[in-house]
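Structure first, then comments.
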Amino acid sequence: MKIKSIRTRVLRWSGKTVAPQANFCTNASDALFERGDSMGSFRFHEWLICEVETDNGIVGIGNAALAPTITKQIIDTYLAPLVIGEDPFDNEYLWQKMYRRTHAWGRKGVGMVAISAIDIAIWDIMGKATGKPVFKLLGGRTKEQIPVYASKLYGQSIDALAKEAQSYVDQGFDMVKMRFGWGPKDGPAGMRKNLDLVKTVREVIGPDRDLMLECYMGWNLEYTKRMLPKLAEFEPRWLEEPVIADDLAGYAELNNMNIVPISGGEHEFTNFGFKTLLDMNALSVIQYDTNRVGGITAAQKINALAEAYQVPVIPHAGQMHNYHLTMANLNCPISEFFPVFDVEVGNELFYYVFKGDPVPKNGFIDLDDDLPGLGLEIAEDALGEFEIIE
Ligand SMILES: O=C(O)[C@H](O)[C@H](O)[C@@H](O)CO
Ligand SMILES: [Mg+2]
């Protein structure tokens, strides 16, 4: 079997979007003096689809959400010529070929995102060719079902936040992740508002459900050190991305304070990136995203490394490319789930592009043992609300 062609499309959402409210979510741009739309860099309103076709007609589907138009160019210009004509079952060789041929500029960021999209498609091909779901090629079923946490609860009024949190309890979720609305530039008043948000959600979900807290790189080391003792009383399962991805020492200092477990990794790349973080004891939970980190080939290597350190892996994003890894690894205990809403930040866009993502029931999702590949189809009949850049 050989790879015959690669087709990339960028889908630009032109349908209804919900504008984020003020103080919707802290993020790395908050450190800039102009508030403006600090969420500007934080939209996922485009998605890249990467279809890899073999000479016997099997089509594997990969995807990417970061910088889709650039990722498309990287695949079309640099990566497709490297893998066309090759055997998709040589996935390790193909990953190394893409990684080493673009090493000068592609080992992190959009270069690795592009490699991820092709690698995910290759694993979809291997599943379809063998008649096995991808997780059965990675280690098989390690769970009856996958527990999922409802991940939204962006900054909003206290009443609205409580109502949204209650809706997840009513749907049977035992774990929720919320976002902060304020950070270092908002001073003590912002700290109090952040703590009010956490207090509200903790009161709604009660003491026996997991509460996770998301900063999305919007805080810094000094502010987080002041916040951690104030957050401890709410017993969060983790505090996520308190500092920017390059502040490895900050991650390590915060995690080694052992006040609240620190999580991160959705903006880190390859097993080398995570070896450094693990050696520094910088994370208590690893959260790579398979469509960024290097695809399934890279993610599975990180899973093995993390297991040796006994650091759990809970990939960013409730999407199929992550669910298969979670199902196949004992050290991946739960998955994230983005509730389906109107398009806001864009995490929800995945459900508009693809068909097949499992729907949670009572706080769990499951995968089909008999559905080959990733189990996704492109929702071609629903792409009318997208501008398609081919
Ligand atoms: O952990 C997450 O879900 C991500 O950081 C989100 O995609 C981002 O929207 C911040 O909430
Ligand atoms: Mg996150």
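Backbone N, Cα and C define each Cβ position, glycine as well.
Any TrEMBL annotation is an automated prediction that lacks curation.
On the 0 to 100 pLDDT scale, the model's mean across the domain 'Mandelate racemase/muconate lactonizing enzyme C-terminal' (158-261) is 98. According to TrEMBL, the domain 'Mandelate racemase/muconate lactonizing enzyme C-terminal' annotation covers 158-261.
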Task = On the DSSP side of things, how many residues of the domain 'Mandelate racemase/muconate lactonizing enzyme C-terminal' (158-261) fall into helix, strand and coil, could you say?
result = 57 helix, 13 strand, 34 coil
